[in-house]
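**Student:** Could you have a look at this structure, given as structure tokens, before my questions?
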Amino acid sequence: MNGAEIIDGKAYAAGLRARVAAAVPAFRVAAGRAPGLAVVLVGEDPASQVYVRSKHKATVEAGMESFEHRLPATASEMELLDLVERLNADDRVDGILVQLPLPSHIDEKRVIATIDPDKDVDGFHVVNAGRLAVGEAGYVPCTPLGCLMLLKDRLGDLSGLAAVVIGRSNIVGKPMAALLLAENCTVTVAHSRTRDLADVVRRADIVVAAVGRPEMVKGDWIRHGATVIDVGINRVPGAEPGKTRLVGDVAFAEAAAVAGAITPVPGGVGPMTIAVLLRNTLVAAHRRAGVALPEGAIG
Ligand code: GUN
């Protein structure tokens, strides 16, 4: 039996993007300019090119200004740092995103550290990680913030719920744990060294899987009625030779038979990332311009 509600991240993301777009005209009137997002791509990684193109399209569709900067794979670290400094100094730019991964001769940490934390709409700068850890307003990485929005939309108040986050990356696992803790969940962060992972996951009202291992979380690990958020996007061989398909970190059909609600892959967490990026850019624009954000407009 497939008992779980399927959480429609695509629909939620479309709604969030519409709410962001609806708030842009008032900002334009108040600030005399559009919110601006700068995206920097170094090299020709095909997946990154696809992401950057969709970010550009979504930014323009939201009525914001998109500044796209492409550097060749041979660009030096200094050239990239110079570009980031120029974007830091450019008043039309509210948000800066440097697409990762960067070519191996460039130090990612150094690049992220150079971004003005108040323009860091990716939430990757240590200042923003620190703000999240101590509960100050800053910027939270888009994927975990999108997961939290889906959870609150489905469950309302999360207080007292047992949450297990599988994965401890700086981009998803750690910020996800901090967000859930701030919502008064009892949070466990599980990872590759966790003993008896299945038993740990069985105690959870909320499971967030962000490990990057196809269908690792099995149906019999899921507590009856739990809410399952699958952050994984893994390409695996498909049914026909030469074809591939996308699967999450959760064995979907098995888990959907016991969960209360679950995100599908694709169409769950994935579409939230760009929507939250636009949301973070809108927030950055208002803060930087000293314009109040309409209450409740963007969750
Ligand atoms: N590469 C894949 N996802 C992301 C993201 O959310 N931000 C950045 N900067 N790079 C990425």
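Glycine is no exception: its Cβ is also placed from the backbone N, Cα and C atoms.
Automatic prediction, not curation, is the source of TrEMBL annotations.
Annotation comment: TrEMBL describes Gly167, Arg168, Ser169, Ile233 as NADP(+) binding site. Taken from TrEMBL, the feature domain 'Tetrahydrofolate dehydrogenase/cyclohydrolase catalytic' covers 7-122. The domain 'Tetrahydrofolate dehydrogenase/cyclohydrolase NAD(P)-binding' annotation in TrEMBL covers 141-288.
Mind mapping these onto the model and telling me what they sit next to?
**Tutor:** Long-range Cβ proximity for Arg168 (NADP(+) binding site), meaning a same-chain Cβ under 8 A and a gap of 6 or more residues, is found for Lys174, Ala177, Val189, His191.
Per DSSP, the domain 'Tetrahydrofolate dehydrogenase/cyclohydrolase NAD(P)-binding' (141-288) is made up of 57 helix, 30 strand, 61 coil.
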**Student:** If you count the other Cβ atoms within 10 Å of each Cβ, which of the binding-site residues Gly167, Ser169, Ile233 comes out on top?
**Tutor:** Gly167
